Each structure stands twice: as C-alpha cells, then as structure tokens.
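Asker: Quick paste from TrEMBL:
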TRANSMEM  43-63  transmembrane segment
TRANSMEM  70-88  transmembrane segment
TRANSMEM  100-120  transmembrane segment
TRANSMEM  132-152  transmembrane segment
TRANSMEM  158-176  transmembrane segment
Amino acid sequence: SDLRQMLVTKSVENIQFLPFLTTDANNLSWLGYGCLKGDGTVVTVNAIGAALQTLYILVYLYYSPTKRPVLLQVLLLLAVVVTGYGYFTNLVDTGMRLTHLGLFCSVFTITMYLSPLADLAKVIRSKSTRCLSFPLTVTTLVASSSWTLYGLQLRDPYITVPNVPGIVTSLVRFWLFQRYRPEQDKPYSPLPA
C-alpha cells in the first residue's frame, strides 16, 4: 500500500523510509544465510523480498524531495552489508560461519518485529489505531507463522525463534484493533451545544 500511495500521490509524505531500508537489510542477511546453508526456500523468498524492497527504495528516492539523507542511508546500508560480508567470509571460521550468520539474522529479525512497539504505546495513549496498518498486521502474522512452522520442520532455531515475536506483536495489534475499533476514531470534535 505504501508503494501504491507513492505512485498515486507522487509523494513520500507520511511514508517512513526506515522500514524499507531495514527490511531490505534483513532480506539480504537471510539471503546470505540461505545461500550458506543451501536452503532454496530461504534463498528464493529473500531474493524476491530484497528485489521488492530495493524497488520500494528506488521509488521512494525518486519521489523524495530531499534525496541526500535517503542516499546517505542507502550508502550506510551498503557499507554495513559489505562489512558484514567481509566479516563473515574473512574473519569467521568456516565451521562457525552459519552459526554466526544465523545468530546475526535472528537478532536483526527480532529487532524488526519489536520495533512497532513504539506505535503500540501511541495507540494506547491516543485510543486510536489510525497509525497501524491492518493489512500489514495480517501479513506479518501469516509470514511469521509460516517461517516459525518452517523452522520447526527443519529444526532450525535461527529461523524458528526470531519469528515468534512477529506472531506475538501481530496478536497484540489485533487486540488493539478490537479494543480501539477504527469507527471509534473521530476525525472531528463535537460542537458544544
């Protein structure tokens, strides 16, 4: 929906850039993990995810009125990816590489799933779910549940464990949607009688 909004409005107003960037970094990290492990499912899903996030980043950059901060963040991401690649290929023992990369990917994914907690506090204070995306909540629940089940099937804790917070935060957001129904949001204030 963010991509559609950018294309329709030809603007990046009210669209945050950081989620695109961190999701791209997450996809690239898991892509490396999948390649190292030889897991075609992890490789395919994260290659598609990285391509889509890169597309979102390019569209955001195109419509952004201030290109310099966006470019600096992209260059920072590229520097982190190149540094990480160098670290995992040159400094980590071959036998421990998959473990180190799996741990890194897990911590990064957990951080991504927990990052919306700041929005949850805002929802509770304002008693409005206007800042939450219902489709994103559904997608997060489906994706994190699928990856959790896939990780359990493979007995891979690096895939299983980091996706559990995605399930938990999605359930909390569903509860907030139930508690503060969108029809309760009043974009106007009643006139005094």
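Each position is counted from 1, following the chain as shown.
The backbone N, Cα and C atoms fix where each Cβ goes, and this holds for glycine too.
The shown structure was predicted, so the numbers you read here are calculated from the model rather than taken from an experiment.
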Asker: Are there residues at least six beyond either end of the transmembrane segment (132-152) with Cβ under 8 Å to its Cβ atoms? List them, or say none.
Answerer: 1, 41, 113, 116, 119, 123, 158-161, 163-167, 169-171, 173-174, 176-177
Asker: Any residues 6+ beyond the ends of the transmembrane segment (158-176) with a Cβ under 8 Å from its own?
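Answerer: Same-chain contacts beyond the flanks: 33, 42, 102-103, 105-110, 113-114, 116-117, 120, 123-124, 129, 132, 137-138, 140-141, 143-145, 147-148, 150-152.
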Asker: Using a Cβ cut-off under 8 Å, which residues of the same chain at least 6 positions beyond either end of the transmembrane segment (43-63) come close to it?
Answerer: 2-3, 6-7, 10-12, 15, 17, 20-21, 23-24, 27-28, 30-31, 34-35, 70-71, 74
